[in-house]
Amino acid sequence: MTKITVIGAGSWGTALAMVLADNGHDVRIWGNRPELMDEINTKHENKRYLPGITLPSTIVAYSSLEEALVDVSTVLLVVPTKAYREVLQDMKKVISGPMTWIHASKGIEPGTSKRISEMIEEEIPEHLIRDVVVLSGPSHAEEVALRQATTVTSAAKRMEAAEEVQDLFMNHYFRVYTNPDIIGVELGGALKNIIALAAGITDGLGLGDNAKAALMTRGLTEIARLGRKMGGNPLTFAGLTGMGDLIVTCTSVHSRNWRAGNMLGKGHSLEEVLDSMGMVVEGVRTTKAAYELAEKMEVEMPITAALYDVLFNGKNVKDAVGSLMGRVRKHEVEAIPDLSR
């Protein structure tokens, strides 16, 4: 049994806390809303983020970060990308020994273009880090909370660390594979949110299945193109954290990025969309970060660029589609590097 604290009591953090509790671990969950923490402790429900789901009574919720981290050597971070640095800075004030840092968030920091594992390594002193591990894959919180079959990937630089996290989470409904490609796993999980927004726009405009299939396929090409340039393994993007996550996020009504895009496609403004969602839409911030990163790395990402214009330059969604369809002719298949070298 492992004592583990989940940082972030949204839908995904709560669902993962359930998986860990089902596996017999000593699970704590921290959130910054005392009333929500009280509800988890007394009613065993997170009505705001997972209404109707009964949580294991063994999950203990804290609104005090210091209390939540007492005698804990493993943490699971599940907070919005924009909150990471602030949360990490608060955490390092109250921990004293090395920890395994698992994160299950999907995003890139605008301005710095940093992946989340890089933010952890920048903010937390080296002597307080045992390992940094990423948990990612096609996984809607609503389905995990219902204990429906789900498969994800655990990625770390040190394979033993990825396997330790694999063992923490594996059970009859939650299967975990391992992958040493932490760069590819993080980028796949983050960048697919951009394509999910675009897929929602496609559906909102009523463009049909042909257009959506093309968008998803060419979107995966963009993800892999940037991922390769950043040092990711091309094969990772054909796996759970690339193609798998892209499929589930672009095709499900559970996806908040798809829902946001769908509203944009139906004519709502970005401000209206974000006000109505009630939860973070990571794809909006990730679009900005990925656009900046693609410019910096000189990587062609036309779908990302078109979505950036829609979100931040006020371009009409129909005009954005027209500009993509009217691009100069291209070859479909790009050269794949020899991975045996």
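Each position is counted from 1, following the chain as shown.
Quick reminder: no glycine exception, Cβ is built from N, Cα and C everywhere.
Swiss-Prot lists S11, W12, R33, K106, A141, V280, E282 as binding NADPH, and of R175, R256, R327, R329 the one it places in that same site is R256.
For the sn-glycerol 3-phosphate site, Swiss-Prot records K106, G137, S139, D245, S255, R256, N257, and the single candidate of K192, K212, K296 listed with them is K192. Spanning the residues K106, G137, S139, K192, D245, S255, R256, N257 that the record associates with binding sn-glycerol 3-phosphate, the maximal Cα-Cα distance equals 16 Å. Other Cβ atoms within 10 Å of the Cβ of W12 (NADPH binding site) number 24 in total over all chains. Separating the Cα atoms of D245 (sn-glycerol 3-phosphate binding site) and K106 (NADPH binding site) is a whole-number distance of 11 Å. Each of the recorded positions R33, K106, K192, R256 was scored by how many other Cβ atoms lie within 10 Å of its Cβ, and the smallest score goes to R33. Around V280 (NADPH binding site), taking its Cβ as the centre, 19 other Cβ atoms fall within 10 Å, counting all chains. Following the DSSP three-state reduction, the secondary structure of S11 (NADPH binding site) is helix.
Largest Cα-Cα distance over the residues recorded as binding NADPH, namely S11, W12, R33, K106, A141, R256, V280, E282, equals 22 Å.
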